[in-house]
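**Student:** Attaching a single structure in structure tokens format; questions to follow.
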Amino acid sequence: MFADIPTADATVQLDTGFAALGLSEPVLKALVEKGYTTPTPIQEQAIPIVLMGRDVLGCAQTGTGKTAGFTLPMLDILSGSRARARMPRSLILEPTRELALQVAENFVQYGKHLKLTHALLIGGESMSEQKEVLTRGVDVLIATPGRLIDIFERGGLLLSDVRVLVIDEADRMLDMGFIPDVERIVAMLPPLRQTLFFSATMAPEIKRLADAFLSNPKEISVSKPASVATTITEGLALVATHDKREALRRLVRTEDVQNALIFCNRKRDVDILYKSLTRHKFSAGALHGDMPQSARFATLEKFKAGEIRLLVCSDVAARGIDIGGLSHVFNFDVPHHAEDYVHRIGRTGRAGLEGRALTLATPEDRLAVEAIQKLTGHAIPPLAVEGLDPVDWAEVDSRGRRRSRGGKGASPPRAEKASKSAAPRRVEAAVQPAVDEMQLKATRQDPRRSSERMRGDRRTDTAREPRRDREMRGLENRDSVIGFGADIPAFMQIRRRTAVVRMETPSRNEGGDHNDGTEIAA
DNA sequence: AAAAAAT
């Protein structure tokens, strides 16, 4: 322990890269004890600015060290004085309960040598307990929007003393329809305050919010440095609907799965698949938004600790939580929104190591797969499941009905039988989200709540392929797609040469091609 | 057609 180290050495010990950023001794001490000595680029840039009291507009995603980038300086800002009852001095808004909990854990860890208090205001847990903590006075309030507004309206909270506001993951807030809530909350805060605003992307709607909330902000933009760029190998297994669970089990057995998220589209299917996997003796857990909060946190902890190897989940885990270092992501269901595919598979790919993102698709999923491929700009390489016959998509129409065979436009004869060991194509860092989300947001700038959006025009712009039927028949250019013989579905061939995409960090200032992964635009 | 977040 640190306490055992002689004082002279302790001074040397504390003299890490963080000390140069102006953090106080108690915070540095906590960092050393956690074993952190070198700040990440965003920490290096953000910490001095936050300590200065300036507003920050941060373009950064999870995994960049963003959370410590604002918690560390906030601890120092707040450590000067004490909070009064029901009047928190800082507020951190998070889109999901899991992220809120993670931030709270950060505060506890880094603030262990300071006498600061925090409250975690999230749904699904007893409100009376949270109110009690508030009454005692808290320095840091970490909250999801719904519960915060609820408690505020019940009079359990005064926000007039909030000096520092953090809006984290603003783009996720937008996706989840929280922006009206966030605007309401910000309106309750004193106008004279420091605001830190973070988002993985800066879509126009996000930019509009930032302009409204921030005054003269310092813009900070970072992405993961190229050296830790991950490699994600994608694969698409075409299976019959009744074979899906069997196919998944076979893939899990044949792949070198360390730990994996398995995504389903529906919560009830999460439950069903979880039970099925457990029956088949797999180490599995389940996670979706209808589960009790305690179970959500407990399962997540077990999964992170390696006690559970497979986590069956809904899209709550696609964006709402931060789990690093996955060897695999499985899409048990093809996501209905192409953007969700990118978010899901972006969960795999460990720093410098290979991650595999494998999707099970049935004939009914064809349109959804086409939409994904249109969005990512490359075909997902086909993957054969050992011991299962691949489904021939050419014989099924988009709604999964069998086409009549032997007629005029019948499929060409098969040249070869499917190979059993098709290897998925390697995709270099196909999902560095900083870039992909930029593309995504371009298609999603509608400020309305997602439920409204759904009913509106969004559905009509899903990839529609008028030439589809023609292309399903006579196919050209059927080189090197393993596992399909001559019957390669047309959509698998679109722009295949773009399948290898080397991701570059987008530069804030157009034309600036100097980019080492860290960059400040003033 | 579904998921998240407030009850």
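The backbone N, Cα and C atoms fix where each Cβ goes, and this holds for glycine too.
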**Student:** Which stretch, out of A:16-44, A:74-102, A:480-508, is listed as motif 'Q motif' by TrEMBL?
**Tutor:** A:16-44
**Student:** Which residues, given as numbers and ranges, are at least 6 beyond the ends of the motif 'Q motif' (A:16-44) yet have a Cβ under 8 Å from it?
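**Tutor:** Residues 1-2, 51, 58, 60, 64-66, 68-69, 72-73, 75-76, 79, 109-114, 220, 222, 225, 517-518.
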**Student:** So what's the mean pLDDT when you look at the domain 'DEAD-box RNA helicase Q' (A:16-44)?
**Tutor:** 92
**Student:** Under DSSP, the motif 'Q motif' (A:16-44) has how many residues in helix, strand and coil?
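**Tutor:** Summed over the motif 'Q motif' (A:16-44), the classes give 17 helix, 0 strand, 12 coil.
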**Student:** Give the residue counts of the domain 'Helicase C-terminal' (A:247-391) per reduced DSSP state, in the order helix, strand, coil.
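**Tutor:** Helix/strand/coil tally for the domain 'Helicase C-terminal' (A:247-391): 59 helix, 27 strand, 59 coil.
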